[in-house]
Structures are given as structure tokens and as C-alpha cells.
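Undergrad: Annotations for this protein, taken from Swiss-Prot, read as follows:
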TRANSMEM  8-28  transmembrane segment
TRANSMEM  36-56  transmembrane segment
TRANSMEM  92-112  transmembrane segment
TRANSMEM  131-151  transmembrane segment
TRANSMEM  164-184  transmembrane segment
TRANSMEM  199-219  transmembrane segment
TRANSMEM  237-257  transmembrane segment
TRANSMEM  288-308  transmembrane segment
TRANSMEM  320-340  transmembrane segment
TRANSMEM  349-369  transmembrane segment
TRANSMEM  374-394  transmembrane segment
Amino acid sequence: MKAIKDSAIYLFGELISRSVPFLLLPYLSRKLGVEGFGELSYYQTYLALFLIIVGLSQEGAIARFFYVYGKRALNLVVNAGYAYTLSIGSVILAFCLFFKAEMLAYLALSAIFQSFLAVQLSVRQCQKQAVAYSVIQFLSASLSAGITVFMLEMYQTELVEKRILAILFSNLLVFLFAYLLYRQKTRIKSFNFRQYKTALYYLLGFGLPLIFHNVSLFLRGQLDRIFIYHAFSEAELGLYAMGAQIAAIVMILIQVLNKALVPYFFEGLKQQRITLVQVQRWARYSLLLVPIPALIMWFIPEPFVVWLLGSQFVGTKYYIVLFLIATTLVVPYLILVNYLFYHGQNKSISICSVLTTLIYVISLLGLTLTEIQFVPLASIIGAVSILPVLYWMTAKVGK
């Protein structure tokens, strides 16, 4: 019963906290305008890239360490990870300052504190502190929104920079709050240099192999913004990025449902109540769901979208429709990939990830040479192309 209650708290907290940035979209679209929103989405790609480098999947390493080795030396791994993040983050920061890239320096600092915060959230999740986990998440999202509104109302220029600073300040403040609570509840032990070195090797051993996978996810999720920024105007990127942002609301719902259903899915596979035939049938039937969100969006009048986002965002509806198709294609993907995860086919999943990325990047390169209206098709091509491969792999595993 406690497991169900905790799961409900986690899911509710995640849904609420991840909804806050989307509730902020109409405000940001009006304050930044279409060009400013395009510029912001471009800089956010660097934040995602820096986070991969300084984070090194530490939250996953912390979770594995806790469940495999226990909590006695957990603080050792946490501190070793923080030392790594500070070291690598300082190198990135030094490059930014050397090249006088002030905005990138803010993003590097934000990535450092966001990585710190992700580790704190992982510790709470491992220790089954569902309420604390949800409170920290909600505090991070709401504080970021609050500081953003405050700064954009206080200043009239360099508004993209102010939004980035708001993200930085919220990451810093929430991390300090979470870390102070962590220190109060953690028995501090002294460790020697050799133990810290061992902990660092553990983190590197866990995180480095995942770099390629994370970079693949980055390329599929962020590379298009960089290409569009250099090939088209900031205004066109703004429309494109807004369409992707709104379609991502459906992705949140899919991820929340996936997180809630995976334990029952795995349990059904373990007890053989769920078979490969059923899994593949569900994947096929889920394809019928793919056009539904896009069709609903298609019937929503364009003037309503413009009223919601602002007069500069005429044409955003087109991008929302296309990105909704690409997003909903995640449903059959998750059904098939969860089956492979259960059977420990991580290598097969990695191969699929690399293959999808290659197809996506090639499609993106080709479509970027045409018109921006065709660029979202790269996401659909990448999402569709991987499904037959996953279907074949699940059939191979189920034999």
C-alpha cells in the first residue's frame, strides 16, 4: 500500500512541477516575442549539452550504488560526484570566460547547480522520501517561474539573459535548500583520498559508457535548434521551438503514465501474464492513437492559438500538429523498449538509439536545406524508422 501511495506522490509531484514551465509559455511568448523565444531555445541547447558533460548520469550512479551497496558510503559517492562536476564545470566556465561568452558562462553555472540538484533528488528517491522529492521538484519549478516573472517585469532589455539568470538562481537556491536538509539528516563520515578516488572511478565507470547514449538523445532532441538558428531566422526558430514546446505537454503525460505502468508491466512479464504476442499487439494497436492528438489540434482554430501565445506566433499551429505526431509515436516505442529493458537487452537498445540518431541527423541535414516547414518531418522519420527494428528485436528476444 505504501508503494502505491509513494508512486502516486511521485507522479503527482512530477506532473505538477513539469506543468509549471508550460503554464509560463503564454507569458514568455508575449514578453520575449517570437525572435526572443527562438534565441532562448537556441541557448537552452547549450544548457542541455553542458548538463550531459558535468552531470555524467550521476543520479543513476547514485541510485545503483544505494541499491547494490547500501547507504553507508553514499555520501562518499555524492561528494566525489560534486567534486567531478565542479572540476569539469570550472573548465567549461574558464573557456566561456576566455572567449568572453557571458551567456554560455551563465548556462555552465546553471548546469553545475542543476546537476547538484539532480543528485539530491536521486538521494530522496532512493531513500523513499516521496514528499521531500516532490516538494523539491515543485519548489524548483515554481521558483524558476517566480524569479522569471520578477526579472522580466523589472527589466526591459536583454530579456533572454534574464530568463537564463532566473533558471540559474532557482537552481542555486533550491540546491542550497536541499543540500542543507541533506547535511542535517546525514551522518558525516571522514573518507581518505583513496576512497574518494575509488568513488570517482565508480562514477566514471557508470557514466562514461552512457555519454554516447545521452549524446544521441541530445542530438535527437536539441540539434535541430542549432541547425535552424544558423540556417533560418530567429523568428522562424521561435515558431518552430514553440510548436515543439507545446507538443511536449503530451510527452509529459506519456512519461508519467509510463512511469506509473512500468512496475505492473514488469510484474506481468515476470508472472507470465503478459506475453510477447500481447506486447507486440499492444504496440500495433497503439499506432491507432498516434494521429488523435494531432487531429484534435488540427480542429482547434488558429486564432485561439494566436490569442494564447501572442500575435507574433501566427503559424505555430502547423508545427504543433507535426510535433504531436512525432511525440505520440513514443507510445509504441516505449511498449517495445520496456520489453527489451525487462530482458536486459541494453546493448540492443543502444544499437537502436544510435540507428535512430543516424537516420534523424541525415534526415535533418537534408530537410534543413529545403524550407523550415519540412524540418519537423525529421522527427517523424526518426520515430517511425526505429519501430520495425524494435519489433524485430522483441521477436528475437521472445523466441
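A Cβ is built for glycine as well, from the same backbone N, Cα and C atoms used for every other residue.
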Undergrad: For the transmembrane segment (36-56), give me same-chain residues lying six or more residues beyond its boundaries with a C-beta closer than 8 angstroms to one of its C-beta atoms, as numbers and ranges.
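TA: Here the qualifying positions are 28-29, 81, 84-85, 88-89, 92, 103-104, 107-108, 110-112, 114-115, 118, 159-160, 163-164, 167, 203-204, 207-208, 210-211, 214-215, 218, 221-223, 225-226, 229, 233-242, 245.
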Undergrad: Restricting to the same chain and to residues at least six past its boundaries, which positions have a Cβ under 8 Å from a Cβ of the transmembrane segment (349-369)?
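TA: Answer is 212-213, 216-217, 219-220, 223-224, 227-228, 231, 337, 340-341, 375, 377-379, 381-383, 385-386, 389-390, 393.
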Undergrad: Give me the stretch from 164-184, 237-257, 288-308 with the greatest number of Cβ pairs under 8 Å to the transmembrane segment (374-394).
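TA: Stretch with maximum Cβ contacts: 237-257.
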Undergrad: Would you confirm whether the transmembrane segment (164-184) and the transmembrane segment (288-308) meet the contact rule of 3 or more C-beta pairs below 8 angstroms, pairs 6 or more apart in sequence?
TA: no
Undergrad: Quick one: do the transmembrane segment (237-257) and the transmembrane segment (8-28) have at least 3 Cβ pairs under 8 Å, skipping pairs fewer than 6 apart in sequence?
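TA: Judged by the Cβ rule, the two regions touch, with the required three close pairs present.
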Undergrad: For the transmembrane segment (199-219), could you work out the same-chain residues 6 or more beyond its ends whose Cβ comes under 8 Å from its Cβ atoms?
TA: 48-49, 52, 56-58, 60-61, 64-65, 73, 76-77, 79-81, 83-84, 191, 350, 353-354, 356-357, 360-361
